[in-house]
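Visitor: Straight from Swiss-Prot, here's the annotation block:
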type	residues	note
BINDING	Gly111, Ala112, Thr113, Gly114, Ala115, Gly116, Lys117, Thr118	ATP binding site
COILED	368-403	coiled coil
COMPBIAS	411-429	compositional bias 'Polar residues'
COMPBIAS	444-455	compositional bias 'Polar residues'
COMPBIAS	610-619	compositional bias 'Basic and acidic residues'
DOMAIN	9-353	domain 'Kinesin motor'
MOD_RES	Ser483	phosphoserine
MOD_RES	Ser633	phosphoserine
MOD_RES	Ser656	phosphoserine
MOD_RES	Thr668	phosphothreonine
MOD_RES	Ser814	phosphoserine
REGION	396-496	region 'Disordered'
REGION	602-685	region 'Disordered'
REGION	762-788	region 'Disordered'
Amino acid sequence: MVMAVEDSVVRVVVRVRPPTPKELESQRRPVIQVVDERMLVFDPEECDGGFPGLKWSGSLSGPKKKGKDLTFVFDRVFSEVATQQDVFQHTTHNILDSFLQGYNCSVFAYGATGAGKTHTMLGREGDPGIMYLTTMELYRRLEACQEEKQFEVLISYLEVYNEQIYDLLEPKGPLTIREDPDKGVVVPGLSFHQPASAQQLLEMLTRGNCSRTQHPTDANATSSRSHAIFQIFVKQQDRVPGLTQALRVAKMSLIDLAGSERASSTHAKGERLREGANINRSLLALINVLNALADAKGRKSHVPYRDSKLTRLLKDSIGGNCRTVMIAAVSPSSLTYEDTYNTLKYADRAKEIRLTLKSNVISLDHHISQYATICQQLQAEVAALREKLQTYEAGAQALQQRSPQPPKLSIPQNLSSSPLQPGHSSQSCAPEFHAKYDAPQEESLGTDSQGQGTVEENAPEQEQPPQDKQFPTQMPEPNLPGSPCPTVQAKQGMNQHSLQRLDAEHSKQLALRVLRLAQRQYSLLQAANLLTPDMISEFETLQQLVLEESMEHGAESPRSPGLARGIPLAQELCSESKSSRYCGPVTRTMAKQLSGLTHTLGIPLAPDCTSDKTSQKPTKEKKRKLNLEEPGSLPAPSVEMKRQRQSFLPCLRRGSLPKIQPSSEPRTPKGERASSPSPSSRVCPATVIKSRVPLGPSALQNCSTPLTLPTRDLNTTFNVSEESPSKPSFPEPIDWEKVSPELNGTDQPFLPSAPVFIFTTKGRKPSLPTTTASKKRRTVRPSVSRGRSCIARLPSSTLKKPDRPFTVPDPPLSLHCLDDHQVIRD
């Protein structure tokens with residue numbers, strides 16, 4: 001610790017308080033006469049004769065009485081008319097400069113009871129004392145130097161009552177005193193607080209004053225029965241670090257001592273008498289310390305600090321490394337003649353105390369070997385700050401550039417990539433809502449083939465970078481969707497109507513996407529039995545809005561063929577609902593709940609909701625080829641599950657089962673009801689591969705598939721067909737006696753005990769199953785009855801697509817049908 005040594009003495013000021021109403025009523029002469037700002041006379045002599053109003057005589061003849069006409073000279077004398085601000089300017093205001101330079105400072109008020117010590121230190125509301133004024137001035141100076149230095153302020157407030165130390169900010173039991181060789185006198189358990197502002201510090205000071213012990217006596221109605229010590233600690237350090245960095249630590253103590261009192265004048269008894277005795281004891285120890293320090297005159301001598309806890313706490317404030325100011329408060333009335341005389345005598349004695357001041361500056365200098373490391377750390381910090389500054393400026397500049405531009409709408413890729421005519425200025429482009437939902441998501445739409453063909457033409461262009469999808473503010477008019485080679489010529493004067501039309505089209509597309517998402521979410525929640533009444537009411541409200549929109553539709557969209565023809569959102573949602581299928585495993589509970597599942601949002605099935613089948617078929621095949629090239633189009637791996645009683649069929653991807661024309665064969669009579677709904681008939685190849693036979697005759701155990709929910713067979717691998725999905729329907733059971741001769745003429749055993757999914761396999765030519773295949777399948781049946789599947793997993797590379805598939809109706813069977821048809825065995 002580096003300290004600047006400086007010699008000083010205790011600064012002593014005297015304040016004479018105004019007379020009280022009781023002293024004025026007694027009509028006693030004052031015993032204090034203030035001569036000037038530094039000198040006063042105690043108990044001046046009266047003239048023997050003369051006018052009654054004349055108090056002093058110019059004649060000094062005759063012997064002097066002991067204690068009469070004594071002249072005292074101090075650093076400052078305040079008369080009865082002095083204000084709190086005057087006392088502050090000549091006491092703590094001057095030592096604040098030394099306090100901020102790292103010197104310890106102390107200000108304490110000493111005097112008899114009722115002399116005005118507490119009023120000088122604390123003041124009252126509207127007329128604050130030294131403690132409040134010092135705090136306000138300290139924070140004002142700290143804020144002035146805040147740009148150059150960083151400060152840390154801590155405060156503590158305690159009292160010494162009956163020779164016991166108590167915390168005023170956090171009241172608890174009595175505390176002890178310890179002496180540390182480095183820190184000096186410390187009080188373990190004393191709370192330290194860090195105020196954020198001067199106002200918060202004043203609130204803490206007020207709260208501590210309310211906890212202080214005060215009791216009225218005959219000498220003073222608001223007598224303080226304890227010594228209060230308010231301490232402020234300040235740490236300051238330069239904000240710009242250097243090789244020679246210093247830390248300054250200083251402490252300021254503002255002390256309000258209790259007044260000495262005489263039992264004969266206060267008439268104290270009991271507890272008040274014991275309090276007065278302890279106060280006088282601690283003040284006597286303080287007087288002995290002052291006398292010892294005054295007699296020492298810089299020499300090392302014994303100072304009785306340990307005679308009282310008060311003197312132990314004030315060890316650093318009185319005779320140690322501290323700049324000290326003593327305020328002696330006296331009364332001008334002759335009723336307190338002895339107390340005033342003793343106060344002036346001890347104050348005059350304190351002037352002889354010499355102090356050795358040392359600035360508490362802690363050097364943080366580093367060794368020369370650490371200079372290189374410090375320089376590297378500082379350079380890294382500067383680089384990090386510069387990078388943050390550049391990032392902040394770049395973000396602010398980008399935000400400023402985007403703010404004046406109007407919002408832009410996304411257009412198809414064939415429009416955004418069209419060249420502009422030469423001579424036309426192209427405006428700045430910004431990335432907006434790109435056409436993220438083009439070909440991959442358009443597969444789920446049930447629109448006509450023309451719209452799907454347009455989507456497929458734009459699908460390869462989506463692999464381009466996102467920058468290619470940006471477009472200028474003045475957008476060219478798009479060509480008709482039916483144009484074979486769409487080209488766009490930029491028009492400099494595009495009217496407002498085109499922009500509004502594009503905006504409306506984009507909004508409608510966005511609404512359609514949201515409704516489809518809500519429809520799928522409703523289906524999944526209903527399948528999992530997670531729907532709540534609130535959610536059902538919200539979906540019903542959405543359904544009502546969709547129905548109202550379907551009656552009021554009339555807007556045309558150049559991008560969507562369905563919207564261009566004026567098709568409402570309800571019908572487009574209808575087409576979407578048919579292509580959405582669930583591809584997860586099916587449990588018994590889900591099969592029962594989904595057996596009666598219909599289209600959500602209350603959208604009925606209509607003939608116009610389906611697109612043309614003949615035109616959709618080649619389009620679907622083309623999309624399938626595109627999706628097979630993508631890695632995401634591969635079938636999901638089967639998840640191993642616990643074996644159940646029913647047999648699981650392979651999970652079919654959306655659109656994997658082919659669709660056929662409705663069969664014209666006669667249906668089962670109405671009296672024979674199916675046990676559960678079943679999908680429509682499928683396209684069947686020449687070779688049929690069946691799954692294992694279920695044990696039970698129940699439709700659910702036979703894996704009867706709900707409307708849109710196929711099941712997953714974990715034991716069989718198939719190469720599914722690549723035809724477009726068929727329209728979900730609820731066909732009635734088919735009379736097996738009237739099945740087409742093609743099916744009845746086969747030699748293969750056919751088990752009508754359960755609905756069987758027909759899959760397309762790859763073979764050399766479309767031929768009927770042979771006897772060898774039938775035998776192979778019959779050898780598998782014993783293993784099925786034991787619950788273990790022995791069907792081999794055929795690699796997809798060995799299966800080939802047949803040249804010409806034919807249709808086989810796949811109806812659901814009831815228990816009645818199972819009795820009529822038995823399993824054919826050899």
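In case you wondered, yes, glycine gets a Cβ from its N, Cα and C as well.
Quick one: how deep are these features, and who are their neighbours?
Guide: In this structure, Gly114 (ATP binding site) belongs to neither helix nor strand by DSSP; it is coil. In sequence order, Thr20, Ala219, Asn220, Ser223, Gly259, Ser331, Thr336 constitute the residues six or more apart from Gly114 (ATP binding site) in its chain with CB-CB distances below 8 Å.
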Visitor: Identify, in sequence order, the residues in the chain of Thr113 (ATP binding site) that are 6 or more apart from it along the sequence and have a CB within less than 8 Å of its CB; answer 'none' if there are none.
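Guide: Non-local contacts for Thr113 (ATP binding site): Thr217, Ala219, Asn220, Ser223, Ala258, Gly259, Ser260, Glu261, Thr266, Asp339.
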Visitor: Taking the center of the Cβ atoms of Gly111, Ala112, Thr113, Gly114, Ala115, Gly116, Lys117, Thr118 at the recorded ATP site, which other residues in this chain have a Cβ no more than 8 Å from that point?
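Guide: Going along the sequence, the neighbours come out as Arg17, Ala109, Asn220, Gly259, Ala329, Ser331.
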Visitor: Would you identify which of the binding-site residues Gly111, Gly116 has the most other C-beta atoms lying within 10 angstroms of its C-beta?
Guide: Gly111
Visitor: Hey, what's the Cβ neighbour count for Ala112 (ATP binding site) at 10 Å?
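Guide: Here the count is 24.
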Visitor: Over the coiled coil (368-403), what is the model's average pLDDT?
Guide: 86
